[in-house]
Structure formats: C-alpha cells, structure tokens
Ligand SMILES: [Fe+3]
Ligand SMILES: [Mg+2]
Ligand SMILES: [Zn+2]
Ligand SMILES: [Zn+2]
C-alpha cells in the first residue's frame, strides 16, 4: 500500500476520464485488483466460458459508516454480490465494480476500501474483471457508493428452486442472527454496548459449495441481508406458496445482540446479516447438511430453525411462551402498541 | 265486590328465558288467583291472565316490581283481550323462537338453595359439583346456539335421569326448565389426574394423600393443603389454584407462570374469611355476593396474614367468593383462601379443554382437577372495584356477558361490530340500540389470541342473531385486531381513532349524544398524525372530535421497550424537558444502569428509534421510576399501579367518600397554547426527591398535578365553547385516587361528569366506543 500524502483527496478531475482518472485507476484499483481480464482496461472484459449455465447478479452498496467492526463498504460490495451468486447455487467467478465517489473523499479511504475488496475477492476466489469510476460534486452523494455485478456458473445438476419446496422440509441457518445490522448501527451512532458486536460479513460461496457438493438436493438457499431472516422467509413463503413454522427457541441470537436489540426496540429477526444464509433441505438430508455446514468455519453454529408446511405464504413463529406469532415483511420502525 | 272478569295479554322482552321466569309467572298467577297461560316465544315471554281486574292489576304490579333476581325486563306491553273463561293457569310449549329478542343470560353463581342441598346428606344432590337450578348455574359458557334449550348446550351429551327429568318438567319445581339440571346419576363428573394425565387410581400419591380412600374432591383439598398447584377446570376456563396462605406455593406458581409481580386473584371460602383479610365496604360486600360474583379489588387489612407475594408492592388484593358448586366443595374442608388465577400460559388465552390444559399447563400445574362438561364459550373472571360507592370494571366478562347495554343510536342504524384494541381486547356488536360486548378476549398478538377474538365474535353474532354490516376498528397500523377487521367480509369498514373511541364509549354508556369534553388519560393510542398519544383533552361527539389540549410529546427510546422499562421513560422525560439539569438528574438517578443509560442517551441525541409519545401512562412510568418504585414493568401498567398505591386511598363506600378531603396540592401546571408542559412537574418531583420528601407525598402531588391539569383544561373548554358535559375515559381512570377525586372536584365546579361504570375505562371498553362512533359515522353517510 502506498502512502498518500495527508489530505490528498478525490478531485472532480479524478472522474473526468483524463490523466488523473487514469492515475487513480492505475494507482489504486489495478494495484489491488490483480486480475488478467481487467488488465487491458478494455471496454469489455473477455471471460473464459466454463460451458455451464451463467449466473448474473448486481447490487449497489451504500453504508454509513464506510468502516465498521468486522468490515467496510468494500468487503460488503464483494461479499454481497458473491453471496447472491452463492445462494443461487452458482460458483462466483468475476465481478465488475463501479465506484461513485464524492469529491473530497480522502484518497487513503479509497485505498483502504480497494485493499479490503481485494482481500475479500481473494477469500472468495473471484476476480474484478471490469470497473468504472465516477466522481460527483461534494454533497451530491455521501462519500462512496459501490455497485458490483457478479458472474458465476451453475454446476451441472444444481437447480435450487421454489417449486421444489415441500411440507416437512427443514430450514437450516449457519449461525447467529443480527450481528451485521447491529455492528453498523452501533458504529454509526457510537453506541456503547455491553460487548463487542462484529459484523458477520463474509463470502459464503465456500460453505454453499461444500453443502451442494455433499447435498445436491438442497431445495433453496437464501442470504439473510436487508430485512433479516423474517423478511427472507416471508418472501420465500409468498413466492413458493408454502407456510413456514419457525421455533423461536431454536433461533441463534447472541446475548449482546438480544440485549441491545431490546433496548433499541429492534427485532433480531429483522436485522441485516452479511454472512448468513438459510438452506431448505429435505428432512432426510437434514442431518447430513447440518454436519457438512458445521464442519465449515462459517457454519460452526448451524442449526435447524423450523420446517416447511403446506400453506399459502404464512410464516409462523412458535414463541418460547407457547404462542404463535405471524411474521411479516419488515415494515418500518415498530410503533408502541402496549396500552 | 266486583264479579267482572278481564283478560290481559302481557308481552315481556329482555333476559326472561333461562332465569326462572315462567315458574315465577306460574306461581304469581296462582297466588293472585288468576287463570291463563305463559309461553316462551321468539320475542320473549307471552303471558295471558284472566280474572278479577284487581287481581290482574296486582299481578302486573308484582311482575314488574319483583321479577326473578336474574331477569332483566327491557320491554313490557299489555293488551286487553276478550275473556276466554280459562279455569286454571298453565305453561304452554315454547313456539316460534329464534326471532332474536331473547337473550342468553350470563352465568350465575350458585344460589343459596343449591348450596343448602349440596350440604344435605339426604339430598340426591349432596356433594354434587354441578348442581344448579333456574336461579343459578352455567348459562353463557355452555350455550352453543339459540333458542336456549338443553340440546343446544354443553349439556346435550348428558341425558337427564328420570328424577331430573321430573323436576325439569314440573312447573312447581325450582328446577323447572333449568337447562343444565344434573345430578350424580346423570350429569358431568370430576376427575383428578397428575401432570402425566394418569387417573386417580394410578395416582402414586404424595405423602398423606391416598385418593383411593377418598373422593376426588377430598384428594384435591389435601393436595392444595400440602402446597401443590392444581389446574382446576371451572365455568369459563381453567384456574391455577394453590393455597393462598402458602408463600412458597404462591412463589412456585409465579415462577412457573413467568409472572413475577402481577397481582393474583384470591378466592375466599366465605365473607367472614374475606373480612379477616380485607376491609370491605357495604357496596363491595354487595358486589362480592352478587349473582355475577366478580373479583373485587379490596384494601388489605393492616396486618393481613396472607403473604405479600400475592400482590407485590400493593396494599390491595383481588378477592372473589366461590361461584360454582365445585368451588364450594373445595372449600368445605380445604384451605380457606385459594389463589385462583387464570389457567393459561402468559400471553395466551385461558385454557378451556382438558387436552389443551394438560399440554399448555404442563410444567405449571402439579395436578389437574378436570370435568367432562365442555366449556363452549371461554369466559375469564370479571374484575371490579368500588370507588365512592360506584362499581368500576377493570375487566367485564363472566357474570355480565352477554347482557347488553342500552346506548343511543340514530334511527335505522345498521348492525355494527367494534373490533376492540390489541391488549385487553373485547369486541362489541351494536344492534338496535343494544350494545353486546364480548367476554374479555385479552391480547391478540398471537394467532391463538386472534382465534379467540374470531371465536368470541362469531359466538356473539350467533347468540344475538346479528351479522354486522359495518366493522369499526382502531387506526393503529400494527394492531392485529385492525388487520382482522380489514380482512373481514363486511361491506363497510371504518377506522376510529383510539381516544375518540374511548370518548364515545363513555358517552354511550351514559346515554349522551351532545358534544362533550373528553378528558382522555391513557397509555398508547395511535393518532391521526401517526404519533402515539395518551394524554389528550378532546371536544367531540360520536361523529367528530378535535384535540384541544395535550401533553407535550416525549421521544420514546425503543418504543414498546420503553413501555416495558419505565426508567427509560424517566430518562426521556428528564432529558427532553429539563435540559442539562435533566441529564444530570438521569445520570445521578440511573447511574446503576451503566451502559444501558449511555445507550438511551445516544438514542435520544440521535433520534434513533424514538417515536414521539404524548402519553399519560408514560409520565406515570417516568415518575414511578424516578421515585424508584418501579423501573421495570413485568405486567401492564405495573409502574402506574404501584405509584397509585402510594397515594391516599379514595374510599370504596359512598358514605366515607363524602368525607374524603378534596384539597389538591399539585405541582405547578403550565399550558403553552394547546400544549401541557411537563417541565414544572418533572422539576418539582426531582427537587423533592433530592430534598428527601417522602415518596408518598411526591406521588400525591403528582396525582394532584394530573387532576389539576385536566380540571384546568375542562374549565378552559367550558369558557371557550360552553361545554358542561365532561367524560372521563382511558386506562388511567382505573387509578382509584384520580377516578374518585376528579369527578367530585369537577362536580363542585358545576360540571356534569360522566365516568365508566358499565364497561372498563381502559381498552376493555374500546370496542363499545368504536361500534357507536362507527354507527353514527355510517348513518350520516360520510
Ligand atoms: Fe386505550
Ligand atoms: Mg442483489
Ligand atoms: Zn340454584
Ligand atoms: Zn339426574
């Protein structure tokens, strides 16, 4: 990493397509994204075709603050897109990254983000194959937005899909809920919590690949990002036309997250995660899936949290007290109801 | 002496079936020496009497002056008929029922005659836990459908034995046409099982109990005596019972039910036991002994030997008397006072069937005292208190439901359903000027609660033969009751603002129609602007309302989290209204909260999930927490209830109330336009805490501030608009000091004051207001 002189910041000219732009790309991005397809800096990257079905996804990343406990916008931009490919059953290969930068952003900040992206790419085994940079006037956006587009290939025989869900299927998740949402929130507001909360931001293609290798019958996978577990399950239920019954007692939430969420009036079931996914598997395969996931470093705390039932898109939560709550999509901050 | 003969046809409407009305008429007619007929019809009871005019006059006089205790006559028409020359008085077969003016009566506590028989070894009902007669017994809880006849009740599966059948058909018998009549030979039976569901024969038996040598009741008594917790199937649901004198047993019950502080109801063997523990005013005594036999919240006697854990932090006790034969039997030899709290898991509806009870109360009850009569309609115990000689309902349920209230409605009004609130839910069907409130439904935030609401609504509609054309619901976007209303297949749906519904409920039960001032003191109600309200002075009628004065809103960190943690409300109030001093006060007072306090401060500074709330409940919470009375709330309104317990007790009896001093010593009140500023009262409370002023005096001055503020607002409204009618509604009026003092002070100032005496002031009465407000709104066509 080179040292940028103190106070060196992004200028509008860094985005004008001229000399400064080229310097920025060469000095920052090319140094970090050591990728063959990217190197020619051509108008389009030429990718090797593995012959399978192509998977394509894109996502824009906006996070305040840019850096938080356990991650930053760069790592997020890589993991978010990699994970969308991974839970689709694909093997992620290439990313395109588009940077929207606010005039005045310290160059050192961009440098840190690029380095973090490169590290995440290495962990995920993907390459940045194309890129773009735009600089906008001060105040026209907040520091830095990143859009990543990901390409991957679906291995033969892998075909997760809503239509495959059936009553009795088991829902697994690979660990604690809500860490990312609270880590970002607590950094944004400088919250002093009763313990460290670290974002779970991580590329999931390793663990999903391991799962698919041993349990090709996985019916569907889904990462638990914005809206959290509850929103993800509700969306699946609606799309697949089945019901889900989740056991509150089985949902893994760290004490520190539970306590902070209670104080903040937030429900861990609706907090964002960036390294968690759910997998729905046939009951017969549940134990194997559980074992495979638990063997992976990102799945040590994998557990079964509920089942699929015949139905029409309802998600039931069996509460610890013995009642049944209906879970719905995230709908803003909850207003008090207790009279 | 006249030899003239007249014949009169008398049609009687109201609660006149299933209450011993026809035997009463039969006996009265014979006493008066009249011939004729009596008959149940779909419209009520039709009587024809024939005889000397004088005797007929006496008959009609007595009919109205001294009807059976359980009857409620809502209409009576007389028509002269040509004499037919009848010689005797006979009871005719019922005909033409189902037109819908016949009301199913509420359940009735066991009468003195039945109690006497139960104790008489020579009587065939001796020690029979299900005996009843025309004057007592189950009604609403066993009725499936109309007309109210045995085949449409839970007694359908118990064919009468010849002896019971004879009594049932004998007009002179006190069991004539008592639908649930039963005896040991033909009626329901009790069984006692352990938590594994094993029958008494298999009961291995704790030391000292051998159920083989005793009957089931004796075994149950011994288990209670030995400190075990029993689930007892009752009239409207299960109770969890234990010896109220046994602190360890009560403690265990609290632990197992996850109910650390909420007051537990106590059933006492008889009045003398009640009076041993509690102070009982004549009006309270009357209520305890009434056919409805509700729980009455009484003041404990100084030195009351019952353990404090029954109602931690409070000097009151919710007490009731036995109201079923089974209860009387349990007390004939068992402990003289039993905890009898609702048999449910926290937050779930009362268990009503044996299977569900065995699974839901598993881990709570040690033994289960079951019976095989189905509970058709779930019905929790009613909870009442007496303030200044007048009854107030904290919960209106068993013993009162489904009796209607007469309320004013516009001509040609449709049938309207009020869906109620989210907690303490009831629903209400409004039909032809009669409002039928459901039994207590309670929380509807679970599917089980929602099913309970749907079931209660359907049962009510069936029993009064009314399907709503309009449904009125609360505006809160998160209320499940409102979601259910929006999903219903009812032609017209209309949202009613929470506190407008409270105002309308108070107006309705008091028969008002003209514009009123509404002093609405409440916890949480969704406002038309999307903010939470609970302390507002309204001006309005059923159709419209305006918010004239309100407490300045406070940001509520964490929303419902703050409601569960009154100390958070305290920090929010101090921080928001006392600036730097407030922050210092919060840090001094709540230093022990450590990082939690820092978190709350940050939330307040950043406006992070801090919905604004203008709520009476929250300022009560704040003061309660500042005084160290209640920092965390484990049941609804705990902080406010415990704070209210510190102020002088407004007397129950009318006579004592007349002498109660009404001199307020409030903290200063301050209005800024429409906004009531809480800064002076918060500053005053904090200053006096620092000065070491006793908590009871601070609590008193705070209550007086609330009283002074709403009275000042009422005076301003009268000055501005000439409104002299004042309605008091919202959950805070369950505070006995405020609900005793404020009406008297307002009356002194010449106001006509209306409070709740027929439905709860809190959300238990919300559905009534919704229904009436919704009814006027749609009748206007807007
Ligand atoms: Fe309310
Ligand atoms: Mg995406
Ligand atoms: Zn009786
Ligand atoms: Zn019998």
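Heads up, the Cβ atoms here are built off N, Cα and C, so glycines get one too.
Features of the protein shown, as given by TrEMBL:
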type	residues	note
ACT_SITE	B:22	active site
ACT_SITE	B:40	active site
DOMAIN	B:7-93	domain 'Acylphosphatase-like'
DOMAIN	B:214-399	domain 'YrdC-like'
Length of the line joining the Cα atoms of residue B:40 (active site) and residue B:22 (active site), in Å: 8
Three-state composition of the domain 'Acylphosphatase-like' (B:7-93), taking helix and strand from DSSP: 24 helix, 37 strand, 26 coil
Set of same-chain residues at least 6 away whose C-beta sits under 8 angstroms from residue B:22 (active site): B:38, B:39, B:40, B:45, B:91, B:171, B:176, B:177
Other CB atoms within 10 A, centred on residue B:40 (active site): 25
